[in-house]
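I have placed the structure first, in the form of structure tokens, so that the comments after it can refer back to it.
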Amino acid sequence: MSTVAQSQFRPVALEGRVVMTALACLGVAASYLLYWTLFPELQAGAIGNDALFLADGARRIAAGATPHADFSLPTGAEPFLGYYLAERFLPQISPFIGSQLFGFALLVPLLIAAASQLPSRLAAVALIALASAAALLPFNLLPTAFYGISFHASYNRLGTAFAIIYLAWVFRAGTRPAWVDGLLIGYALLFAFFLKIVFFGLVFAPLIVLVGLDARFRRMALIGVAAFVLVLVAVEAATGMVGAYLADIRAMSRVNGGRAPYLAASFVFRNLVELALVAAAIALLVWDRLLAFRQSGGPFFDRARPVAIPVALAAALGALVFAESQATGGLEATGALGLLFAPGLFRPARTAPLSAPVATAAVTLAGGVYVATVVATAGGVLLKRQGPTAAEPWTARFMPHLVVPEDLRRESEALEKLWTNGREAVSALGPNQDSILQGFRLTQYLAVWRTVDAAIARLGGERDLGGVMTLTNVDLFGLALGAKPVEGAKVVHDVGRTITPLTPQQASDYLADADTVFEPTCRLAEAPVTSIAPWFTSTLAAEFTVRELTPCWTMHRRKVG
């Protein structure tokens, strides 16, 4: 085929693949929405309070607050905006499920770009299926025997889906005009920035290597960074959110920055075999290209171009390990599968004939673990492994469309009675009480919701509470009552991760906008996180009146005059 014919054929072929990929993504989203519209019931699963802090952020956005500028967040604003949009535009389904759909929709431009440039339909289908599953299916690779929905850090699953798509795309960039690929780079930077800052490094790490060793990437990278900066400047000018977000990042780094090395080491240990296989496949490709580089002649950068992708793959693997290790409760090493869509890994090299078998083994192991977990967990949910489900009035305050399996309902009822009626027996366990109840840690939130519902029933008609705050990791009463949020309060109080102990003066300042404060007075409402309530004891005594509602909850109202 002549050069002219090739230049005419390739854009047409690419355009056709773009259309087909777009239709496939639309089909995935439409099928997902249709399923949850027809079957809107969402089974209660693990760590439900993680969904509540997304709901709290959405509540504040609905009240007119600006993320980061008006309230502190542990991540970027995207997960909270997604939850808000789901509540507003998709009331027929669970907002938790709807937020995942909005997150997937944001990934679609990159997914279309990535899948449409893969060399085979099988690879494109595999990428779409893998990325869609990671973004849309509410299952984590938790190291437990619990088979069910996981509400834990759903934004980390979205981050894994983003990693898979971006890594499948960036090493094949260049098939489109530079300005198109440049805008895609800018979009990837914006997505990572507003999702979670640790994924920002994942975008830059391979890009820096590619720009340094391959001139083809320089113009598109420049366009992408320029577009990214322009959007940030515009957002900052309009909302002040960017500067506030950077301040939140610095604050979070001061609180839990010391945990990063431990989390990274723990992640590598848990996923050692999968990561070792991916690293070996990349190392074999690097070795092959370095030998070719040494044996070839000509200008340095012309000879270095074939080395760019293997070295960038190594940089991307390091960035991925760091990003995923800081994203607890996610999909473990599943994101590394995105690296295996890069060119060269499955083509046996002259000097590294093992690269293809090693890459195949990596796909089989990393992909197999994820697929097996999803199939087993989804099967457990669909077959109602934990018993028949029913809607409970005490869950509707927190999460619409939630149903509770019989086993979890009985468990939550027993725990509530234990903590409210058997406080002396629990106290007698001493320091062993948390370890004895460790088996209930993932679903203990249901019993907490029961205690909140019981306390609200004791309020009677008293509903004019002003700004409400709950001294737990998430504002349970503010959400349950639909009350006015307290300005300046964090949406997550996780000691050692999002907040450090406050002095009495800092505690007083923190409650300055609060009119009503709910204090937990039994261990159920505090566990499994460290309680923040003791920090506020003197402030509550000096500035508030007290009313005990139940053995687990005490209400404090600000004194008048």
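Every residue, even glycine, has its Cβ placed from backbone N, Cα and C.
Annotated transmembrane segment per TrEMBL: 12-35, 93-115, 122-142, 154-171, 183-209, 221-246, 267-287, 307-323, 330-346, 358-383, in sequence order.
With a threshold of 8 Å between CB atoms, the same-chain residues lying at least 6 positions outside the transmembrane segment (307-323) that come near it are 159, 163, 167, 170-171, 198-199, 201-202, 204-210, 212-214, 217, 260, 264, 267-268, 275, 278-279, 282-283, 285-286, 288-290, 293, 335-336, 338-339, 342-345. Long-range contacts of the transmembrane segment (358-383) within the same chain, counting only residues at least 6 positions beyond its ends with a Cβ under 8 Å from a Cβ of the stretch, are 43, 45, 130, 133, 137, 139, 141, 147-149, 273-274, 277-278, 280-281, 284, 331-334, 336-337, 340, 345-346. Same-chain residues lying 6+ beyond the ends of the transmembrane segment (122-142) with a Cβ under 8 Å from its Cβ atoms: 17, 21, 24-25, 28, 32, 45-46, 96-97, 100-101, 103-104, 107, 111, 114-116, 149-154, 156-158, 160-161, 164-165, 168, 329-332, 334, 337, 341, 367, 369-370, 373-374, 377-378, 442.
When each of the listed stretches 154-171, 183-209, 221-246, 267-287 is scored by C-beta pairs under 8 angstroms to the transmembrane segment (330-346), 154-171 comes out highest. For the transmembrane segment (154-171), same-chain residues at least 6 beyond its ends with a Cβ under 8 Å from one of its own Cβ atoms are 50-51, 54, 75, 78-79, 96, 99-100, 103-104, 107, 110-111, 113-115, 117-118, 127, 130-132, 134-135, 137-138, 140, 184-185, 188, 191-192, 195-196, 198-199, 202-203, 206-207, 210, 309, 312-313, 316, 320, 323-324, 327-331, 334-335, 337-339, 341-343.
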